[in-house]
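A quick write-up on the structure given underneath.
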Amino acid sequence: MALSIQSLLILFTTLLLKETLVVAETCSNCFTHSRAAYYPNSDEQGTDVGACGFGSFGATINGGDVSAVSDLYRNGVGCGACYQVRCTNSNYCSDKGVTVVITDQGSSHDTDFILSQQAFGRMAQIKDAAASLLALGVVDIEYRRVSCSYPNKNITIKIDENSNYPHYFAFVLWYQQGDKDITAVQLCETQNFVCKLLDRSHGAIWTTNSPPSGPLSLRMLLSGEDGDESWIIPVNNIPENWKGGETYDTGVQINV
């Protein structure tokens, strides 16, 4: 029996919807087109005064393959995220590109990325092509979010040097693997497990003017682009007599 026009329309709409859903499911791996520049007055690595608040760690993390971003900074939520960035000029650029960690905020010439000089050169096919690429200064690129990977490293707490025990507590988190954002942090007393939600003062720095007393435990909320959320709780506590400038291994890491 021949299908009616209405039935054909329903069938066509169903097939089109399925195709759209397949595209949406795979588009987390899609590249976005943009432009990139590099820090013109820096050494090959990044800057130790980046807006994320990582300090000298922000210049050397990932071997110095780091970047400032404009909209992807997301009021600091984007700090520590990793992106694959590759330029599109086939004369100079490789298909692999470079993976960078976000440590700063900035834009130049309508760019989404300002790479460290080293990372910018790594987009090239060979060393000679890197020199030609750097001479261009600004190039067309495509990028996508990828998982960060820090083999043999746990998420680490770096207490900010401006912290003042026991009145003011500020810190950043280093070596977070995966492709999710830390969108909330709680600081908890280990004895009665009373928790306090911390403030993101700027970049990746979390603060409180009245930290709980005694040894402390963290709870970190991981949020994905798909809306999935989960809490991660470190194995190791922050000691009661914490000090500014010190680092503490949480004992946990995110599997990738």
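Numbering starts at 1 and runs along the chain as it is shown here.
Every residue, even glycine, has its Cβ placed from backbone N, Cα and C.
As annotated by TrEMBL, signal peptide applies to 1-24.
Feature annotation from TrEMBL assigns domain 'Expansin-like EG45' to 49-153. Helix, strand and coil counts from DSSP across the domain 'Expansin-like EG45' (49-153) read 30 helix, 32 strand, 43 coil.
Residues or ranges marked as domain 'Expansin-like CBD' in TrEMBL: 167-250.
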Statement: Residue counts for the domain 'Expansin-like CBD' (167-250) under DSSP, helix then strand then coil, are 0 helix, 44 strand, 40 coil
